[in-house]
Amino acid sequence: MSQLSLLKKQSFLPYFITQALGAFNDNLFKNFLLLVIVFSSLYNQAESAMLVNLAAGLFILPFFLFAPLGGQLADKYEKSRLIKTLKLIEVGVMALGAWAIQMHSIPLLLGLLFLMGAQSAFFGPVKFALMPQHLKQKELLAGNALVEMGTFLAILGGLYAQVLFFILKTVHLQPLFALLYYLFLVLSVVFLFPKHYRTTLN
């Protein structure tokens with residue numbers, strides 16, 4: 001069985017899509033905010049540099065604060081339900097983010113960036129703990145490789161997507177794009193995941 005053949009499995013494909021979209025979303029929002037700060041006429045060069053560093057720190061800090069707690073939650077609660085809850089929280093945060101972008105509220109965007117980092121910090125341990133419930137033991141190595149590949153492709157996609165938005169000057173289309181994207185995200189979480197997971201696989 002090739003690695004890519006795992007993407008045909010109903011037990012793995014929704015998992016792969018969900019984690020890849022999460023990585024794409026995080027980096028799209030973070031890099032978009034950095035560009036907004038850099039090109040904002042409200043701040044001089046020194047202030048922009050300070051805000052860029054602050055934004056980077058606000059996104060990374062939650063991983064130190066909340067990742068251990070995410071691991072504890074993954075051990076204590078049903079993992080698929082945790083992922084659905086975390087993804088719905090992500091949708092809500094990014095809906096506020098789309099509104100904050102239209103309002104040009106840098107403080108609110110920075111606060112939402114911290115919340116996105118927190119959501120990702122909780123999500124990371126849960127997604128890795130969930131994988132053995134989707135794959136057989138002999139498939140775990142290939143599954144991990146696909147997840148890493150999908151994550152880095154999503155990071156690159158998030159980086160270049162926001163650059164494309166600025167090049168094409170499609171600011172007025174961003175709310176529509178956000179709505180369609182998060183609708184797909186919700187559907188991928190709610191409908192694509194199987195209702196029951198295999199707890200043991202031979």
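Glycine is no exception: its Cβ is also placed from the backbone N, Cα and C atoms.
According to TrEMBL:
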- 12-43: transmembrane segment (TRANSMEM)
- 49-70: transmembrane segment (TRANSMEM)
- 108-130: transmembrane segment (TRANSMEM)
- 142-167: transmembrane segment (TRANSMEM)
- 173-193: transmembrane segment (TRANSMEM)
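With a cut-off of 8 Å on Cβ pairs spaced 6 or more residues apart, the transmembrane segment (142-167) and the transmembrane segment (12-43) reach 3 or more such pairs and are scored as touching. Long-range contacts of the transmembrane segment (49-70) within the same chain: residues 26, 30, 33-34, 37-38, 43, 106, 110, 113-114, 116-118, 120-126, each at least 6 residues beyond the stretch ends and with a Cβ under 8 Å from a Cβ of the stretch.
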